[in-house]
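Encoded as structure tokens, the structure appears first; notes follow it.
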Amino acid sequence: MASRGAFQLNVLLILAFAATAFSALSPYYYEHVCPEALPTIKRVVEAAVYNERRMGASLLRLHFHDCFVNGCDASLLLDSTSTIDSEKNSRANQNSARGFEVIDQIKIEVDKICRRPVFSCADILAVAARDSVVALGGPSWMVPLGRRDSTTASRTQADSDIPSPLMDLPALIENFKRQGLDERDLVALSGAHTLGFAQCFTFRGRIYNETNIDDDFAEERRKTCPRNGGNTTLAPLDPSPARFDTGYFNNLVEEEGLLHSDQALFNGGSTDELVKAYSENARAFSADFAKSMVKMGNIKVLTGEAVFWCCLGLCLVVPLSLILRDMPSYPFDKQVKIVIVTMAIHNYIRRHAKCDHHFEKIENDPNFILEDNDRDDDFQEENHNSNTPGAREVKKLRDSIAASLMRA
Ligand code: HEM
């Protein structure tokens, strides 16, 4: 019995290490491992938004700025170190991106409720964005989950990939296209500017120099955003910055977009029609916004490795997370031992895989079924040079591991 186990162990494990990256986000990713995580995030976001309505806008923007720089991998949250040039210091984020302390608080509470750090920061950013929109009266959507966090960040990449408020329509379209997002996504996602505020220096050029702007609106904005100074004075991005509605699109149609890049969406170009449609149809805007948020949340996500389990001609793809998620939270030194032993087994099996001619038989004859007798003969034959006491010990070990695996 144990020897049959050894054979099956080979079949399973050797091929299992033909690991492959596998993008498999799912809204149910944490359902078993930590069902309390999502309600916890919602609770912390709601409390933060209750405390300050603008925080909902700021959290939504964090997810956007995370996803546009090398994918949604929480790289935005990494501080500078000797090897990391933090994205927090990029042009778009410095003295502008906010809400990091709320994300920190969510992470602490989620780790506590889950009793271990299973919920990724990239997923927290995605869920917090959704919960913020809901808290401010916007649509809800299922957030696909299972993103892995990055260990690196890039300020240079942030400077080149986060769109500038000075961009014209072609540049905006191109910028979104590079992220796999189309014109519809651009317009729908820009609708996030139905929430929150912008600092004077980001729209000064527009209110003093541009002609496609309503006079009264420009005049009003100039009162709090002087030609010189007052760089950080805030103005709302639409008339109701704490309510998710179509005010932003109505503004664009009235030439009252605050940022140059906002008005670029309604300035005689290919997106005019969609802006008009959203201004007249809140449902269409909400539905498209939710759809585009899921699409944005999918940009270049890192997911857990998946393994191919191939056994007797049948191959299954199993995300490693499924296998690992019920891993007990052992003390650190025990975890280190597990990794070392696992690698030792891995290397042992890998080295011996080449001379396991049962694989060859299965490869050549899909109907081949290994009999116990057959196996013993073959086993003796293939190991005739390694029947030393040491090798026998290793075989015993291999068999006992196989037997326990088969029992599991
Ligand atoms: C289309 C290109 C975009 C440009 C050029 C742009 C630019 C900006 C700028 C300059 C600000 C003001 C920042 C400040 O003054 O500190 C801002 C605020 C904001 N942006 Fe965007 N943005 C864009 C798209 C998006 C997208 C796709 C989202 C989310 C899905 C988003 C969400 C927000 C929110 C919610 C705020 C207000 C934040 C707050 O009040 O803290 N933006 N954006």
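Yeah, the Cβs are placed from backbone N, Cα and C, and that goes for glycine too.
TrEMBL does not curate its annotations; it predicts them automatically.
Annotation comment: TrEMBL describes His65 as active site, proton acceptor. For His65 (active site, proton acceptor), other Cβ atoms within 10 Å of its Cβ number 21. According to DSSP, His65 (active site, proton acceptor) is assigned to a helical segment.
The Ca(2+) 1 binding site annotation in TrEMBL covers Asp66, Val69, Gly71, Asp73, Ser75, Glu87.
The secondary structure of Pro163 (substrate binding site), as reduced to three states from DSSP, is coil rather than helix or strand. If you look up TrEMBL, you'll see Pro163 marked as substrate binding site.
Using a 10 Å Cβ-Cβ cutoff, His193 (heme b binding site) registers 26 neighbours. Taken residue by residue with DSSP, His193 (heme b binding site) is part of a helix. Annotated heme b binding site per TrEMBL: His193, in sequence order.
Positions annotated as Ca(2+) 2 binding site by TrEMBL: Thr194, Asp238, Asp245.
Residues or ranges marked as domain 'Plant heme peroxidase family profile' by TrEMBL: 24-313.
Marked as signal peptide by TrEMBL: 1-23.
Taking the centroid of the Cβ atoms of Asp66, Val69, Gly71, Asp73, Ser75, Glu87 as the Ca(2+) 1 site, the other same-chain residues with Cβ within 8 Å of it are His65, Cys67, Phe68, Asn70, Cys72, Ala74, Leu76, Ala122, Ser150, Ala153, Ala158.
Relative to Asp238 (Ca(2+) 2 binding site), the recorded positions with Cα atoms inside 10 Å are His193, the candidates having been His65, Asp73, Glu87, His193. Relative to His65 (active site, proton acceptor), the binding-site residues His193, Thr194, Asp245 all have Cα atoms farther than 10 Å away. Across all of the domain 'Plant heme peroxidase family profile' (24-313), the predicted model scores a mean pLDDT of 95.
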